[in-house]
Amino acid sequence: MKILRIIQGVGTQLRSLSMVFSHAWHPRETLNYPEEAVYAAPRYRGRIVLTRDPDGDERCVACNLCAVACPVGCISLQKSERDDGRWYPEFFRINFSRCIFCGLCEEACPTTAIQLTPDFEMGEYRRQDLVYEKEDLLISGPGKYPDYNFYRMSGMAIDGKPKGDAENEAKPIDVKSLLP
C-alpha cells in the first residue's frame, strides 16, 4: 500500500515536470510593454473623450443621461444655457479611478458627444489626477461621427434658418393635409 502511494506520487511529479518542459519551448506571450506596442482590439473601450460638432461647438447638451446610465456613478455634470438657448455643461467631470469602462455612457448619449477611445495609458501616482474635467476631456475633432450634428438632425431651429431649411432636413408636414 505504501509502495503504491510512492509510485503514484512519483508519477504525478513526472507528469507535472513533463507539462512544464513541454511549455518551455512554446513562444512567449509576455511583452516588454513600453518598448513593444500592445495590440488593442478595434472595439476596445478605453479613455472617454468629449467631441465637438463639425461647426466646432461642443456636442454635449447636458441631458444627464450619461450620469444616469453609469453603474458606478463616476460622471457628474451641471447644465447651463447659452444666450441662444442651447444647453451646455457648465462642468463635466469623470472620475477614472471609479470608471469600469463599460461603455454605457457612450450608448446613452443622444448627441454622440461621449466616445470611448482605444487609449489605455492612464496610470497616475495620485488619485486626484484621475479626475478629469471638461477641458481635459474635450478634443478638437468630431471623433467617430464626423458629419453628425445633433441640432441639425433633431430638427431644432438654427439661427438664421427656419425649420426645414437646414441640411438633411425636410419641411414640416401639415398633418391636416394628410387626412382624406
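Glycine too: its Cβ is placed from the backbone N, Cα and C atoms.
Annotation source Swiss-Prot lists domain '4Fe-4S ferredoxin-type 1' at 48-80, citing sequence analysis. Under 8 Å from some Cβ of the domain '4Fe-4S ferredoxin-type 1' (48-80) lie the Cβ atoms of residues 86-96, 98-102, 104-117, 132, 134, 137-143, 145-151, all in the same chain and six or more residues away from its ends.
The [4Fe-4S] cluster 1 binding site annotation in Swiss-Prot covers C60, C63, C66, C109, and the record cites sequence analysis as its basis. Long-range Cβ proximity for C109 ([4Fe-4S] cluster 1 binding site), meaning a same-chain Cβ under 8 A and a gap of 6 or more residues, is found for C60, L65, C66.
Around the Cβ of C102 ([4Fe-4S] cluster 2 binding site), the same chain contributes R45, P71, each under 8 angstroms and 6 or more positions distant in sequence. According to Swiss-Prot, the feature [4Fe-4S] cluster 2 binding site maps to C70, C99, C102, C105, an assignment based on sequence analysis.
Mean per-residue pLDDT, taken over the domain '4Fe-4S ferredoxin-type 2' (90-119), amounts to 94. For 90-119, the entry in Swiss-Prot reads domain '4Fe-4S ferredoxin-type 2'.
Per Swiss-Prot, the feature region 'Disordered' maps to 161-180.
According to Swiss-Prot, the feature compositional bias 'Basic and acidic residues' maps to 161-174.
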> Inside 8 A of the center formed by the CB atoms of C70, C99, C102, C105, which other residues of the chain have their CB, for the recorded [4Fe-4S] cluster 2 site?
Replying inline: I48, C66, A69, P71, V72, C74, I75, I100, F101, G103, L104
>> Within the same chain, where does the domain '4Fe-4S ferredoxin-type 2' (90-119) have neighbours whose Cβ lies under 8 angstroms from its own Cβ atoms, ignoring anything closer than 6 residues to its ends? I mean 6 or more beyond.
In response: 40, 42, 44-51, 58-63, 65-80, 127, 130-134, 137, 143-145, 148, 150
>> Counting other Cβ atoms within 10 Å of each residue's Cβ, which of the binding-site residues C60, C99 comes out lowest?
In response: C99
